[in-house]
């Protein structure tokens, strides 16, 4: 331990270098976290469609998008979606949806999973769609029993002075194990690839940031079945950006 | 700083005590203390009323009043602490050598006693005021319980839902009639949540299989926020919705529009 | 117990090359620890199917505990106990070797029993934890700078919040009693070492093993629960939760060991003549703090064991479906949690009380009030836990009584203010950095205390509970008061611990950056809380944007301030001005020993004839 023979200039330089180094280390960590948080499956942009639709005297342009919900990774892969890491139940092809503002959105979800019971029976209701209905394999319905559901697609957001409230919740009819084909959704996903086609429409309002998630408890073997896929961001949850 | 001259005169303790009001250290600290107290009294009136959201129930009014009153109770404490601190700070010793020794005061019985009694009294005031408020809100809810409208509030990860059992309606937004007492029966279907209709001044946890109850009477028309105040996992931040206090007529037509039967 | 003659007149270890004890260090600890962990993981995962939730939890927990045990075995922590088992003990030579005398920088990486080495180990441990926790705070504030939650995903954010919380809590629990309680306190009371030097080494190295365990949470999917780890959310959480559980259990063992050791040292090893009314106030504060931790932490450990049981063996302590209740967890947690904030606060306050008389050159005002204040806080802190549970619905009838006990704490806290103000009164404070910190403490603790008054009140808490207001409040008390006290202690005792003065200009710059940034940060957060922003949210409504932006600017200022301090600490360690033996002119015993402090601290055991506060003109 020698006493200080450092010049003042050298000392200042060392302090500056140390500060810049530390700040950049922390900033680098931030960039890393930000990178890790990026949507691994990119975004799903709604396709603009020709024509308009008039509802309550207002004219809306049209757009549409299609998603699938799969019992596991293998099933998702069979539908051409391989983005997620864990072998959990998952939505695809992306969890980040981009929708145009003030538009009539038609959404189609192919649901290939089975299911048990809702925690909260409220999510058996169709809420926030045009006409209050959802079309399941050609049939319009307004609600499903709490024990006939595979998943839900529930869109909501933070009430804020800068964006309009938006709430849509749609139950997806489950694939029964004892249907004609004898197909068991979780056991043999590929050879008997069968599911329901669920279609519904809703109106976006102004630009804003929202989230969507599944309200059906499908994080198997966890408390309230809301762990695992339900709590792992990007499987049964995602965000919705409405762009002006 | 020349104000400490009186300190250096080395008067006898009796003189110092008898003429304490003439001492510049006492006078200066007191002036600082009064200014600080004044600032806190004024701020206490302004800070919370400025920043807290619209008051939409008597409970929320009571909370806002309580915040202001507690600031007033605390203001003299701030005055004493910051008054003395400011005075000594300005009376500091500068330089790289130690300051000269101060008076060797080990303790001062009357001051310690006075301090203890005054802080105890202030604490007691706060306790009594708080208990009174708590009591009056319990009495009010007991009184209103009879004719209150029941709303079953369900917290599920990460959406609130509301059911009006007598009206046969359920919703993800919380609509309430004006000036009508309402009793919330709060449950969770999974982890702990905390039901927080912000502008109504109500907050209580939602627990699984252990119903909690809260009561309020909204007294102002308009929209309010409903939030979750207990970390509940992935989308805790997004477990928010809106509510609205509406006239009884509007409320009834909303109920009918939702497919229920109006009260 | 170590006594003087244990260290005197001993010879070097015969055949040092062949002795196992000379070969073990943190490196061998790491190797054995990793081997233990790998073997456990490999072995158990062949027996248990780790794709099943509860079996995976068992395997991970076992792996983490075996890492800790392996590390301790590898560093030689069990040599002494094994000798006892075979009816022997370490030889005097081996004990001297363990004390690390003359081993230079290597002893800091060994199972070293010298309390001064342990103090420095703790100091760097704390610095690393604070740096990591601080970096996480920067990430949190960066995310909250703008509404929209675009910076990181909610799961990353929730993990950051939880890990920032627990990292800082662990850091603050040991921030004063670790470095200063180990390095300075034994010298302060005139002891040659701690009462149980090997336990002292054990407490540090056990704590050390908890750090990689906690870090592993990142790679196991994070923790979504916040540092409170409320059940049943913690039962639902993914495998990262095991890291949290294991780290807390290991940490609780460390605090129990260190608490027992510090308490025993102060009770039995004070210098001749140091009667209870002559004990320096820092020693009183630190001892009461660790003594309070001894009953408090086991409940946290218990809560974690129960969580681990619920997760690994599907018991239902906290599962309402099978008759358990989350309230049980909340009780166990807060019976630890509320004493724990005073475990953090007391040593910080006691450091400042130690500093004030030195820099004002007056005796500590009303030593008795200080003791009564501390004792009152310790006593009441065990009776207030349920004020964290006003809104849980557990038992609204008891809200009133808990409100009374909570608000009563303002009376002993008031005595602490009285002691500091009374000491300042009529003095001319010498505004070096440690003394500046006293003023920062007075303001920060005042704000923290008053906002605590609102929160203790049931109706007001009904609005404020779970909001950003609470976050701002406890940062004022834990960071604004306790951490400020510890940083003051660092610049005060730095000369004794390193032989150099802490770079003065850098400390001033750091002090002002940190304190000003602090006020800006938490003023913004108080406003956000009053406006109604919940805590622990990754995203918020537009109306909170301004207050959050203010907070983020304050946070960055604090970050830069602490980086400057870190530079000063590293720079001055070797290049600082050589410190005189007693740079502040203090009268406590640690300033009577030279640097480097001899192995047994004092050549002749000191005899104390008065308390260390004999400053003042007419002192007799």
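Count begins at 1; order follows the chain as displayed.
Note that Cβ sites are derived from N, Cα and C of the backbone, with glycine treated the same way.
When pLDDT values are averaged over the domain 'Cytochrome oxidase subunit II copper A binding' (B:146-257), the model yields 94. Look at TrEMBL and you will find B:146-257 tagged as domain 'Cytochrome oxidase subunit II copper A binding'.
Within the chain, the transmembrane segment (B:26-45) has long-range Cβ neighbours (under 8 A, six or more residues past its boundaries) at 3, 20, 67-68, 70-72, 74-76, 78-80, 82-84, 86-87. What TrEMBL lists as transmembrane segment is B:26-45 (among others).
Sequence-distant contacts of the transmembrane segment (B:66-90) (same chain, at least 6 residues past either end, Cβ-Cβ under 8 Å): 1, 25, 28-34, 36-37, 40-41, 43-45, 47-49, 52, 119, 122, 125-126, 129-130, 133. TrEMBL lists B:66-90 (among others) with the feature transmembrane segment.
Taken from TrEMBL, the feature transmembrane segment applies to B:110-131 (among others).
Remote same-chain residues near the transmembrane segment (B:110-131) are listed as 66, 69-70, 73-74, 76-77 (criterion: CB distance under 8 Å, separation of at least six residues from the stretch ends). Counted with DSSP, the domain 'Cytochrome oxidase subunit II copper A binding' (B:146-257) comes out as 16 helix, 58 strand, 38 coil.
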